[in-house]
Amino acid sequence: MIISSSSDYREAARRRLPPFLFHYIDGGAYAEATLRRNVEDLSDLALRQRVLKSVGEVDLSTTLLKQQLSMPVGLAPVGLTGMYARRGEVQAAQAATQKGIPFTLSTVSVCSIEEVQSQVGKPIWFQLYVLKDRGFMKNALERAWAAGIRTLVFTVDMPVPGARYRDAHSGMSGPNAAFRRMVQAVLHPFWAYDVGLMGTPHDLGNVSAYRKEKTSLEDYVGWLGNNFDPSIGWKDLEWIREFWKGPMVIKGILDPEDARDAVRFGADGIIVSNHGGRQLDGVLSSARAMPAIADAVKGEMTLLADSGIRSGLDVVRMLAQGADGVLLGRAFVYALAAAGRAGVENLLDIIAKEMRVAMTLTGARAISDISRDSLVREIERPLARAAQ
């Protein structure tokens, strides 16, 4: 099929993947209202077109967390990425490194910290959950640092797992899940051979390294669910801040007061995120949450955002809302599932091209030129939708 956008990669991924995997990455929590709003609220932000501004050459480069990047984009941590392509985390990390942007490895990745970092020429980022098993957390931090990783992304919006109804219907969970997944794999032979057969082992590399035993998909759900810690507070994280000597970014902030708490805690940055609409349905989209957070803490830390970003236009919109950079989640996984490393590299080229067009037509020569003045304040469409 013809690929010209991230939506094309989504369709290609849908065709290639067994349903339990496609719907796991594609779905959200409960009725998926926040999942939809993440995309819709960004698209409702009208870019302010300017002409005859002598833009000339557009420069996408920027510096985030003292790292020089080709553009203000990174790849977000996504669990089980290695199930979407053969050794998927490695392929995605190689694509990101080739394009001069960071890749963030999930705690619950298929490929281990050591495997991924050894296959790329620059340090990746590592994401860690707040878990009851402090021994695992300490082990993961020590291994990440020893591997050369210096940027830690600490996810705080998962004290309990979100309810994702699609998973029960797709076969990721629910009655006879293992049998349903097996049947789906048989009906998708290209995936079954490339990933199912040639992409082994399919355990969770970081968890298995700590537990000293293979952690299967079935084990993953139980182990992770039993280890979430809803009792944790900022004071419980102080040992991590003391242990980790590199940049530390808090992921999962939607409220300005939580952003101020992150500043007081000593975080180097935050990620304005609702976990891609996969945790609490009905919360603000990242696009709507960003302006108030930027007003509260802009200049005191690095502001990143994820959730709902599908195009270079969305990147520019989120930067105009106050973000310093963004992370792509679903968009890169769709491309990875469809075409591996080459798909991710092509997606990033598409994103960069779309950014250049948007910046040229809004009169921005450099990332620093993007501001709230790059948007037309439009309220009619969001209000009209709310009234329906």
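Just so you know, glycine gets a Cβ as well, placed from its N, Cα and C.
Because the structure is a prediction, the values reported are computed rather than measured.
Here Swiss-Prot flags H275 as active site, proton acceptor, drawing on sequence analysis. Note on H275 (active site, proton acceptor): other Cβ atoms within 10 Å of its Cβ, all shown chains, come to 24.
Y129 (substrate binding site) falls within a strand when secondary structure is assigned with DSSP. In sequence order, T107, V108, T155, M158, L224, N227, F228 are the residues near Y129 (substrate binding site), counting only same-chain partners six or more apart with C-beta under 8 A. Marked as substrate binding site by Swiss-Prot: Y24, Y129, R164, R278.
In the structure as shown, the Cβ atom of G322 (FMN binding site) sits within 10 Å of 21 other Cβ atoms. Look at Swiss-Prot and you will find S106, Q127, T155, K251, 306-330 tagged as FMN binding site.
Summarising the annotation, Swiss-Prot assigns domain 'FMN hydroxy acid dehydrogenase' to 1-380.
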Are there binding-site residues among Y24, S106, D306, R310, D314, R330 that sit within 10 Å of H275 (active site, proton acceptor), Cα to Cα? If so, list them; otherwise say none. D306
Helix, strand or coil: which one is R164 (substrate binding site) in, per DSSP? coil
Can you tell me the three-state DSSP label for V326 (FMN binding site)? strand
Cβ contacts of R330 (FMN binding site) (under 8 Å, same chain, 6 or more positions away): R10, I25, D26, V78, G276, R310
Between R278 (substrate binding site) and V326 (FMN binding site): CA-CA distance (Å): 18
